[in-house]
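Student: Just passing along the structure, written as structure tokens.
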């Protein structure tokens, strides 16, 4: 609407009037300020300035709280530096003690301290039962000492587990025993071929060991007497019968006498009767 009115206003002016309007800056500024777009921009600017002012005033209200928090942060940072320095000192001391003491030593010291605090709490309980300590002081001191005793007991158990694990570790990493050398397979004994002819060779009999000496005061047994008298013969000599001859082999020699059977010779038997030749078609009964 404003743009259309300005165009209609400029359309009714002559060229000379337009040139004069261009040269008159005050009139141009007044015309621009009267435009609707310029008025809207000015209104938005004023509203934005008012909003920023209110926000700035609200932020200024937080200035004391911000200063307090800054001072607190500075104080906490200084405390952190102090604690960090104390941590470094304790860590250095702990490393020095850990390098000079073993787990077993620490466990023994901790067990001694645990036994001491247990004894102190028991003595305090006995004094309270005897009426030597008031109730208020007994509750405060006894509770703190029992808490300390419980913490030491837990530390002792954890340290015992660490010691046990430290003792089992070398056993788990112990070298394995050396393996026994494997025996080389023995060569098979040579056996005679099955095609070999002739009787098997007789192996000589092993001589039995001599009998133990008979102590004094005891009679010798017949076996001991026979063995000590001469050559050890475990059984009397007998004349053995000759081996029966084999087909295709000569009779073995070397026996002094022929074997005589103690039984009479068998009676001669009659030959079986002769049967007629077999005829086809008949069954013999």
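Including glycine, each Cβ sits where the backbone N, Cα and C put it.
Annotations for this protein, taken from Swiss-Prot, read as follows:
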type	residues	note
DOMAIN	84-173	domain 'VPS37 C-terminal'
REGION	175-201	region 'Disordered'
MOD_RES	218	omega-N-methylarginine
REGION	230-285	region 'Disordered'
COMPBIAS	250-260	compositional bias 'Polar residues'
COMPBIAS	262-279	compositional bias 'Pro residues'
Student: With DSSP helix as H/G/I and strand as E/B, how many residues of the domain 'VPS37 C-terminal' (84-173) fall in helix, strand and coil?
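Tutor: Counts, helix then strand then coil: 83 helix, 0 strand, 7 coil.
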Student: Quick one: average pLDDT across the domain 'VPS37 C-terminal' (84-173), no decimals.
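Tutor: A mean pLDDT of 82 is what the predicted model shows over the domain 'VPS37 C-terminal' (84-173).
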